[in-house]
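> Residues annotated as Mg(2+) binding site in TrEMBL: Ala206, Asp319, Thr323. The feature region 'Disordered' is assigned by TrEMBL to 18-55. Annotation comment: TrEMBL describes 1-21 as signal peptide.
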Amino acid sequence: MTRPALAALAVLLLACGQPQGTGPNKHVPSDMPAKTAPEPAPAPAPERAGPPVRKDGTIYAETQQMGTRVSINVHVGERAPAEAGAAIEAAFAEIERIEQIMSEWRPSSELSQLNDAAGGPLRPLSQELFDVLQRSKEIAQATGGAFDPTFYAVGQLWKYDPGSRPPTREAILEKLPLVDWRSIELDATTRSGRLARPGMKVGLGAIAKGYAVDRASTVLRERGFSDHIVEGGGDTFVSGTKGGKTWMVGIQRPDGPGSVAAIPARDRAVVTSGDYQRFIEFEGVRYSHILDPRTGFPVPEERSLQSITVLAPNATDADAYATAVAVMGVDAGLEFIQSHPGLDAALITRSGELRVTPELAKILVYPQDKPAPPPAR
């Protein structure tokens, strides 16, 4: 789900001015006792300037992280804008920290080091990488392998730059035996792990982005800003309200600007994935960037979805489940979502039909010129 690059917008905080101290006492005549004149009270330090507050009482900032646009929208309330700005910067810094642990694109990351050691012995892991790998295995098992973090050995073969061509069937079948989430071996007693087969590679792009969004939201709450939205490349966590008003998260139209519908959300993750922004065409065939890890090939056209939106208690799970549903297709995907309490989904089929789980259908807000679709059965 790579988004077009946007210029980074940093939250600028002006440094506090330092009050000017008084100089040393003047020399007094020797026949008079020395006196120290009382120093004037220091002038109050000027308030540190913060980012501008919008009319709705929020501060918005965005930057480029995780290969996509990341934005944070915070309702300030009675707090100083500078405090909100500092909290936003801390949240961005937290995402950067997670990237350094879990990015398969950074050679120095902890995940890359694990990949480089594939086939070797158990190696110590940070608690966060261990936990995300463990959750990845749980979701891979629950989805029957529709989500599989070890897809990366095959995923590397597919390029989506203009003019790219798909890899050969022979190349895919050669790497496919390396795709098996069961071969991620974890030992909780020593907090260590290994990839059992040489050449295996884990890619956490379909779960770590959600985890980073969750962590950024946690940082904002820890700093006292519980009313906010954090969004990164379609992975969104909504916390609290906007000054008592419900936050609204739009489902983007796959065929143009605007939203198909809006989701009222509070303390919930809303993650949208789709193949309408990243694909290649070669010799008249369209190849989605959404790969079925069980076959090594993109999801077949007849099963593919234009857009997948999944709601869950946290963005970590919603991210992974959205990927799994994209692989499953509309019917199997909706059946899976409805069999798991706490999950909801809105799916846009290849023909443009919107399919929505019953509970989500009750709260969706539609444009006035578009009637609500019947809920999925």
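For all residues, glycine too, the Cβ spot is worked out from N, Cα and C.
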> Among all chains shown, work out which of the binding-site residues Ala206, Asp319 has the most CB atoms within 10 A of its CB.
Asp319
> Once the DSSP letters are reduced so that anything not helix or strand counts as coil, what is Ala206 (Mg(2+) binding site)?
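Where Ala206 (Mg(2+) binding site) sits, the three-state DSSP reduction gives coil.
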> Taking the center of the Cβ atoms of Ala206, Asp319, Thr323 at the recorded Mg(2+) site, which other residues in this chain have a Cβ no more than 8 Å from that point?
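Along the chain, the qualifying residues are Phe147, Gly205, Ile207, Lys209, Gly210, Val271, Ser273, Ala320, Tyr321, Ala322, Ala324.
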